[in-house]
């Protein structure tokens with residue numbers, strides 16, 4: 001394994017111990033030193049050691065560079081005679097170029113934020129009165145929060161139509177860079193799948209023996225094609241359902257409240273949660289409103305079909321087009 005491998009293994013084991021035993025032992029030596037000096041600033045504090053957010057993008061670029069190196073230096077010379085002309089002059093060069101370009105654009109093109117959203121400029125989305133409400137001010141940056149926005153502690157801003165802060169590109173995904181992010185995902189799936197399937201087909205149907213480089217190339221491409229494919233499918237499923245990654249947990253919470261028999265709606269279209277300790281007391285689904293209400297006329301919601309999602313425009317294509325424009 002080597003000295004470096006042993007160090008990495010010990011670090012991983014120590015990290016696992018801290019994660020599993022915290023908070024029971026984080027105040028006891030020697031875990032307390034590790035927790036306060038390494039674990040907390042590196043994994044919990046978003047404002048310290050900003051260089052840590054570039055580790056995953058650097059890992060991706062290193063891995064991609066290694067795959068390209070193996071392809072050009074060792075795999076292509078072995079399969080050159082089995083490739084079609086269009087693959088040599090168009091397909092392979094385009095896939096090798098477009099993937100890092102889209103990744104770079106996903107990294108440098110920042111999404112729109114409330115700071116760039118000029119006062120008086122119309123919002124892209126209306127509050128739905130269930131998970132988003134008008135007149136909300138962010139508790140962190142103290143600016144008005146439009147519907148579908150979310151404050152990112154890493155970027156220190158409220159991102160419009162926020163999805164998530166992607167560690168692979170160290171950038172928030174939101175209004176203004178969705179098109180680059182989804183294109184980057186699809187480019188990865190396409191290039192990795194093509195590399196794995198094409199080399200596999202040549203190796204199976206040809207008389208050439210598997211070389212060590214060919215096996216490494218296929219393992220890397222095949223493994224990461226599956227990982228990227230699953231992640232892309234999950235992202236597109238969210239889009240098809242008319243929600244972002246940020247909104248997924250919000251809708252889950254609303255539906256969980258419904259399953260508990262506590263979600264109600266008034267004839268005026270206002271949504272409330274019936275208190276478990278006092279059925280005559282109700283609270284708004286607005287997380288910024290902690291007042292208790294007394295309702296007399298309301299309807300108990302029992303089925304998800306009774307909960308409208310105004311951000312779902314009926315199809316994956318329509319929802320994706322709205323996000324990317």
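First residue shown is number 1, and so on along the chain.
Cβ coordinates come from backbone N, Cα and C, glycine included.
Bear in mind that TrEMBL entries carry predicted annotations, made automatically and left uncurated.
Residues or ranges marked as signal peptide in TrEMBL: 1-16.
Among the features that TrEMBL reports, transmembrane segment is placed at 50-72 (among others).
Listed by sequence, the residues of this chain that lie at least six past the ends of the transmembrane segment (84-109) yet keep a Cβ under 8 A from its Cβ atoms are 57, 60-61, 64, 68, 71, 76, 166, 169-171, 173, 176-177, 180-181, 183-184, 187-188, 190-191, 194-195, 198. Sequence annotations record features per position, and here TrEMBL assigns transmembrane segment to 84-109 (among others).
Residues or ranges marked as domain 'Palmitoyltransferase DHHC' by TrEMBL: 137-251.
According to TrEMBL, the transmembrane segment annotation covers 178-197 (among others). For the transmembrane segment (178-197), the residues of the chain that approach it from at least six positions outside its boundaries are 67, 71, 91, 95-96, 98-99, 102-103, 105-106, 109, 161, 163, 166, 169, 217-218, 221-222, 224-225, 228-229, 231-232, 235-236, 320, 323-324, judged by C-beta separation under 8 angstroms.
If you look up TrEMBL, you'll see 217-238 (among others) marked as transmembrane segment.
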